[in-house]
């Protein structure tokens, strides 16, 4: 031990002598990490790609996958696994609803509101509220259309609830499933295609339907012009959310395929709105039969043939 201590002191003396002879000498400390060259792990980005990365959120993809893996680590057959899909607070839901009603041009809905914590709570209750709103408003609209006619007897049509539920939930789940499969398939063909997760796509579609809840209430107004103005306005708002979300993901694909994909998304969204308006609110009026006036002074002659 004494020899080791003497050796260390000798090393320190040599270093002190070296610094005294050359004050500008460079020393290396084992506590300071070596500087990593800036260009060692960086890649040169093409012009315009930074904007795409911001819209698509690719710079946070690794962090998102890590957080998603931490959240959904429970087995899928347990209640805790599905509980994570509904782990949102009121402020997050209201913020996402506000983002779907007031879309900001050039901003990606998934990156701004969904990617940190996609949920099924908002889409489920938005679809459920929309189902009952359309069914109840459709019955009230039918009542106001035929109000005042002497032969009309109001009978609530409960089957409209099941029809609306089948239509809304099928659209909110089957269309995102088909779109998710298509993006996955195109991702295997084109490297620049970004595939959203199925949960993120369902979340976008669910929140985009919120604007139709107040619209369905206003559809009670028995004026076709007002109804069609409302459906066009709602379609522009909700459709713009879908376009600004999925266009940056497919813009690097073949031009025709990208335009066809976005066109199909908007077309299906328009068919849902126009179909609900035409079936539940713009049903043709019933032809009421004229009242039968009984004849009191008519005698009936019965002849018997042999």
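Any Cβ shown, glycine's included, is placed from N, Cα and C.
Note that the structure is predicted; figures quoted are calculated from it, not measured.
Among the ranges 93-118, 197-222, the stretch that TrEMBL annotates as transmembrane segment is 197-222.
As stated in TrEMBL, the feature region 'Disordered' covers range 29-61 out of the listed 29-61, 128-160. Listed by sequence, the residues of this chain that lie at least six past the ends of the transmembrane segment (257-281) yet keep a Cβ under 8 A from its Cβ atoms are 134-135, 137-138, 141, 160, 163-164, 167-168, 171, 175, 179, 182, 186, 208, 212, 216, 219, 227-228, 231, 234-235, 238-239, 242-243, 246-247, 250-251.
Non-local neighbours of the transmembrane segment (161-185) in the same chain are 123, 127, 130-132, 134-135, 138, 193-198, 201-202, 204-206, 209, 246, 249-250, 261, 265, 268, 272, 275-276, 279-280; each lies 6+ residues outside the stretch with a CB under 8 Å from one of its CB atoms.
Model confidence over the domain 'Yip1' (101-273) stands at 88, taken as the mean pLDDT rounded to a whole number.
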